[in-house]
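The domain 'Major facilitator superfamily (MFS) profile' annotation in TrEMBL covers 1-377. According to TrEMBL, the feature transmembrane segment maps to 12-36, 42-63, 75-93, 105-126, 191-212, 227-249, 256-278, 284-311, 323-346, 352-373. Summarising the annotation, TrEMBL assigns region 'Disordered' to 392-430. The annotation compositional bias 'Polar residues' is assigned in TrEMBL to 420-430.
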């Protein structure tokens, strides 16, 4: 739904309208117990799924488009930070002393209306995405004003010129459909990388960790009544790791955090498999399993937890971006669905060795990113497209005239040997 709604309403108003789904879902679920209607709970959960699907596509797109390239990674990581804060808030509110009781659980579902109402009140005061205004509404004055509001300065000529340059290159290119994007040789490896990134994001095994957490805490000797309080440590670690990633992403870059995060997850999954297999051999081994769980969560949130959404926005030009987020969101939620559907069978068949499956997925992702993923920090969208051009064997148009008249793939001409040799001599290259 995101591409259609985003085209008509824009990024900002898509997020605003989406809050209607959240409030409706909250009311249905909160009132389901009093009404004695199980159907209200099911419908409310379904509507909440619609809200989540739209939000996790529209929000990263909006953040990417309002960010100058110098802080695009840090601002994009805000999505992951607030997901972690949401998980932690849910754990706190779900404690027995608060809303985690048989009589109050409907109100726990109803709490989701609170952030929706906060956004409904606050978001109207923020401008629309300047890139959306310039590319799709052709409103240069509105885009300039939006940049001034977001950046807090009067002179936004540099940022505006960067967007105008991209706009001139894409002047006659309409919004690309999902099928056209999948077929385009110009972005073949960008699409492949986004699909693999989003698949690894869900298939890396973090949801499986939540499945095992309580049983591991129980085998470590923690009384069942205290497990909900100990579980708060997982939400706290998630939040701290996501904040750490947001602070260092512009210094370290996306590539090291993504490769390092998946690599460390593979390592700790291997250690966790050993500790779970041997946990009855010594009293201290279950505590080592707890350390591994916290390490896996921290590794995920320090890179893989937020960077996939950032890369989806950075890899594609404005006309391609809505379709790219549709592809990314589809892969994301289908992978999530696959894990929820298949993990019980994997766990039943392999028992503690099930984590080796996730270790293999994480290791495969890390190896792929090492060989394929270019660094995107502090680069314009045009520069990122050029970085993929050699692997795609298809080059984006470099001058505005040809770009405006021809939206087809342009092959880079072979360089003249004599001129190439002269350039090498001038640059002191033998």
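The backbone N, Cα and C atoms fix where each Cβ goes, and this holds for glycine too.
Beyond its flanks by at least six residues, the transmembrane segment (12-36) meets 2, 5-6, 43-45, 47-48, 50-51, 54-55, 58-59, 62, 105-107, 109-113, 115-117, 119-120, 123-124, 126-129 of its own chain at Cβ-Cβ distances under 8 Å.
The largest share of C-beta pairs under 8 angstroms with the transmembrane segment (75-93) comes from 42-63, of the ranges 42-63, 105-126, 191-212. Ranked by Cβ pairs under 8 Å to the transmembrane segment (191-212), the stretches 42-63, 105-126, 256-278 are led by 256-278. The largest share of C-beta pairs under 8 angstroms with the transmembrane segment (256-278) comes from 284-311, of the ranges 42-63, 105-126, 227-249, 284-311, 352-373. Residues belonging to the domain 'Major facilitator superfamily (MFS) profile' (1-377) score a mean pLDDT of 87 in the model.
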